[in-house]
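S.K.: Please find one structure pasted underneath; my questions will follow.
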Amino acid sequence: PPRKESSGAGAPNGSSGRALAKPPVRKLAKDLGVDLSSVTPTGSGGIVTREDVQRASAPAAETAPPAETA
Amino acid sequence: MSESGGTFDLVILGAGSGGYAAALRAAELDMSVALIEKDKLGGTCLHYGCIPTKALLHSGEVADSTRDSENFGVKASFDGIDMAGVHKYKNKVINGLHKGLTGLIKSRNITVVEGEGKVTGTDEITVGNTAYKGRNILLASGSKPKTLGVDIDGEKTITSEEALKLEHVPSSVVILGGGIIGVEFASVYRSFGAEVTIVEALDHLVPSEDEDSSKLLERAFRKRGIKYELGTPFESVKTTESGVSVTLQGGKTIDAELLHVAVGRGPVSDGLGYEDVGVRMERGFVKVDENLHTGVGNIYALGDLIETWQLAHVGFAEGIFVAERIAGLNPPAIDYDGVPRITYCDPEVASVGLTAKVARERGYDIVEKNYNLGGNGKSQILQTQGAVKVVAEKDGPVLGVHMVGARVGELTTEGQLIYNWEALPAEVAQLIHPHPTQSEALGEAHLALAGKPLHDHD
Amino acid sequence: MSESGGTFDLVILGAGSGGYAAALRAAELDMSVALIEKDKLGGTCLHYGCIPTKALLHSGEVADSTRDSENFGVKASFDGIDMAGVHKYKNKVINGLHKGLTGLIKSRNITVVEGEGKVTGTDEITVGNTAYKGRNILLASGSKPKTLGVDIDGEKTITSEEALKLEHVPSSVVILGGGIIGVEFASVYRSFGAEVTIVEALDHLVPSEDEDSSKLLERAFRKRGIKYELGTPFESVKTTESGVSVTLQGGKTIDAELLHVAVGRGPVSDGLGYEDVGVRMERGFVKVDENLHTGVGNIYALGDLIETWQLAHVGFAEGIFVAERIAGLNPPAIDYDGVPRITYCDPEVASVGLTAKVARERGYDIVEKNYNLGGNGKSQILQTQGAVKVVAEKDGPVLGVHMVGARVGELTTEGQLIYNWEALPAEVAQLIHPHPTQSEALGEAHLALAGKPLHDHD
Ligand SMILES: Cc1cc2nc3c(=O)[nH]c(=O)nc-3n(C[C@H](O)[C@H](O)[C@H](O)COP(=O)(O)OP(=O)(O)OC[C@H]3O[C@@H](n4cnc5c(N)ncnc54)[C@H](O)[C@@H]3O)c2cc1C
Ligand SMILES: Cc1cc2nc3c(=O)[nH]c(=O)nc-3n(C[C@H](O)[C@H](O)[C@H](O)COP(=O)(O)OP(=O)(O)OC[C@H]3O[C@@H](n4cnc5c(N)ncnc54)[C@H](O)[C@@H]3O)c2cc1C
């Protein structure tokens, strides 16, 4: 079932040029070494989904370096 | 003929949580605002609701802690409750916050109008002889206690309003209603030393909570000596020489010094002109669409006046939403399932997201994990009992968090982020919680759901 | 000639937080595990650290709450501390958790070896006469108190170990060191009625925290009558008839019944054969790479034995990490900045992420928001003072959360999610926190940083 109709619960609209993704997805991207801004978003409202991040990391999975710290 | 009070971008009827939050946000967004209030800025929550009850509950916590101090190696004697002292403390907290709020509203150049308002046009609210025109109108007149037809004499039969002014601790109380407010007062009375019986028509205390939480609360209340009659509707009450005699359906009677009616709150909307301008109503509640718009002119409504959760922070969120909406921003709709609910009795009951039952009803294939606070170091230190339950979609995000135990209310904010950000159990499990905290119980539940239980006997 | 104890996938030296967490996770991942411990399962944290100190702190909270009960309308008299009762309570908590842990380790089929182990090969640890072979070896021997050369007689000069067994409340104590453990004990002694002076060589109490937090703690301690000498290193101590006389650099002396040395903890690594097999050491700490590998064979190390935060949950996280790494999973590296830090004195000090100072040093353009607990209803109800400070990158995510106030420790978990998930202030601000909770102060700080302050005078 659809989780909820409202697209980005918790995601404010109109933020600066950064890629839109729910916070845990940002963490996933970081752990997988994926640059969020290079991912094509497929979520409603232009949100990068978990699947988008996983797809982006797939080819490089074997060599993905551990995440660096901020 | 009425005088003109001027024209504003927004005229608000009622300065409770919802009304004043809308006023503050609207003012920030450069709107001119008139805020009409017949009683006190801050409304129910600050003066007759959230704040005074939580002060009483804290006095109750102090009383229990003093009574049980020996269990922690502290020698002390408990000598009773000084109600005058309780009120002094409670009023000090209220007055400090009220002063802060008043200053804040003033500093944002909001026009506060004292008096009773009435809607007199689709863009007009009149107070006494003065008409305030609003390019937008917000109805925020809140709620008042329901009484199930019981005659509230303020002495032997009371609601929360009179309960907040009691001058002595009653020896015994029957509480009609086992919802949030009912169990909170039950907890206070008991901590203060009274014999307490809760009468609830449904099968459980706090019936809107996950059934596991209700059961844990019932067990804890039983241990505290709080009695309850579940699934037995109230029939009648008569006052006696020494107090009240309450009759339940089926004929059982309970005698007590006081009957405290806590059967919910109904909207304040009678005679305020809402229907006259075409606003649709249902059982006194104002009907609104998902944008909190009434469908009439530019009239919005929010808070306890509409049929969303009767919670102060819902009022805040709705107030901010309405102000942003009027200002032409496009705020995301409020996900009401994602609003945290806390019942501040001892032990506390807290939740965010869906109960297991509702999740199933909505067609989710769910997994759940109950983590008992018996395994949590900090809970053991506090000597509290209870559990954390996390409901998740199978191979999907967390759908609900449900907790019972002393002080667990504060943990809902973590649940709030998890639920609203649609986190997976594994994403939470990756972040090891600080030791020793009660939040670790939440961490353990997510670890277990992620297939990597740590301090957990399965 | 030594006998064979068998061969295991993983042999662990030390069953503290780090060692036992690795054992539990490894067992879950179907590895055979030997866990060697000379003292008790659970290590420092459970028996001499986190748990007993937090029990003492809670007894202190009960004592203070009883003493101040009048402020809340509760009549009671405080008659003193019963140290035997305190120990009984403390030991009950420890024993319950110890029993649970022992059962858990047993249920996962981990081979527990009692005795003192020594590394005798790159894949071997020997206990007495028996050699345990490990396809992987984990060094987890933890830490012990440092003493700055002070002779610990256990009577007049003590460390945390003896402090946990005190049979009476000292009339006065000098605490050497204003770090986490030092201020926690200061808080306990004070709540129990002692005169307390903390001597700290650096300019602030809890000097690793954000300077604003240190200052708030100092102010709160001053109000509690806890004295401190900052920026004045200790020079010497001599015992006197009635206790100790402590001399600071510059010549000032302080007399007290007890000197409690809390100048940090150093690794337990001497004579355990680590260097003999080629493991690199520095000041007693084992050197590891970012995968917690020593660079020798399949030898890993973690916890207080390596130079990461000396915290139990860091041990848990590292233990899980090592087990998953050995099992061939690819766990993400631990971001140590994202580990919550809580100091459980009254008021509590808690943080996660970067201090403003460190954020600037790392080149971030930052914005910060201080929200005073004076504006927070629940904090007022608890009658606690303090603040919440949020540091964020300009137009970017939250970089750090810093808090001072009663019970704020539990709020770090929300901060933990915010920091580690790199949330923007606006994303947090969108979620209105439950009322009335202390977590609202965190909410307000994020609202302000998002440009939409609610209950905030700015
Ligand atoms: C005992 C109790 C405990 C509670 N505890 C909590 C809690 O812990 N947490 C929580 O989130 N919620 C709690 N609530 C609920 C919370 O108080 C309400 O949800 C909240 O106050 C609703 O806000 P509101 O702005 O819609 O209405 P209200 O706060 O009721 O404000 C409405 C305001 O409008 C004014 N008004 C009405 N009619 C007129 C008129 N004609 N002219 C001028 N002014 C008018 C009233 O005087 C009032 O000030 C509690 C409620 C009660 C009763
Ligand atoms: C007073 C105090 C309060 C603290 N409070 C907190 C707190 O509130 N929160 C928090 O997160 N942290 C706290 N800590 C820190 C926490 O206790 C440590 O970070 C944690 O215990 C480290 O775990 P470890 O596994 O590395 O080492 P330890 O817990 O020290 O475990 C090492 C184990 O190895 C055993 N061992 C050593 N050598 C051998 C050998 N040769 N053979 C066999 N066994 C051996 C020891 O007996 C011990 O059981 C506190 C510490 C102290 C002292």
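Residue positions begin at 1 at the first shown residue.
Each Cβ is built from the backbone N, Cα and C atoms, and glycine gets one as well.
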S.K.: Of the residues C:Gly264, C:Gly266, C:Gly271, only one is listed by TrEMBL in the NAD(+) site with C:Gly177, C:Gly178, C:Gly179, C:Ile180, C:Ile181, C:Gly182, C:Val183, C:Glu184, C:Glu200. Which is it?
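M.R.: Site partner of C:Gly177, C:Gly178, C:Gly179, C:Ile180, C:Ile181, C:Gly182, C:Val183, C:Glu184, C:Glu200 for NAD(+), according to TrEMBL: C:Gly264.
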S.K.: Do the binding-site residues C:Gly177, C:Ile181, C:Val183 include any whose Cβ comes within less than 8 Å of a Cβ in chain B, and which?
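M.R.: Near chain B - Cβ to Cβ under 8 Å - we find none.
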S.K.: Under DSSP, is C:Gly117 (FAD binding site) helix, strand or coil?
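M.R.: For C:Gly117 (FAD binding site) - judged by DSSP and reduced to three states - the answer is strand.
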S.K.: So which of the recorded positions C:Lys54, C:Gly117, C:Glu200, C:Asp304, C:His435 sit close to ligand 1, that is, with a CB under 6 Å from an atom of it?
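M.R.: C:His435, in sequence order.
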S.K.: With DSSP as the yardstick, break the domain 'Pyridine nucleotide-disulphide oxidoreductase dimerisation' (C:339-445) down into helix, strand and coil residue counts.
M.R.: 40 helix, 31 strand, 36 coil
S.K.: Checking the spread of the NAD(+) site as listed (C:Gly177, C:Gly178, C:Gly179, C:Ile180, C:Ile181, C:Gly182, C:Val183, C:Glu184, C:Glu200, C:Gly264): what is the longest Cα-Cα distance, in whole Å?
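M.R.: Value for the max Cα separation, rounded to a whole number: 14 Å.
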S.K.: Based on DSSP, name the secondary structure state of C:Glu200 (NAD(+) binding site): helix, strand or coil.
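M.R.: It is in a strand.
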S.K.: Listed FAD-binding residues C:Lys54, C:Gly117, C:Asp304 - what's their greatest C-alpha to C-alpha distance in Å?
M.R.: 30
S.K.: Using C-alpha positions only, work out which of the binding-site residues C:Gly117, C:Gly179, C:Asp304 is nearest to C:Cys45 (disulfide bond).
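M.R.: Comparing Cα positions, the closest of these binding-site residues turns out to be C:Asp304.
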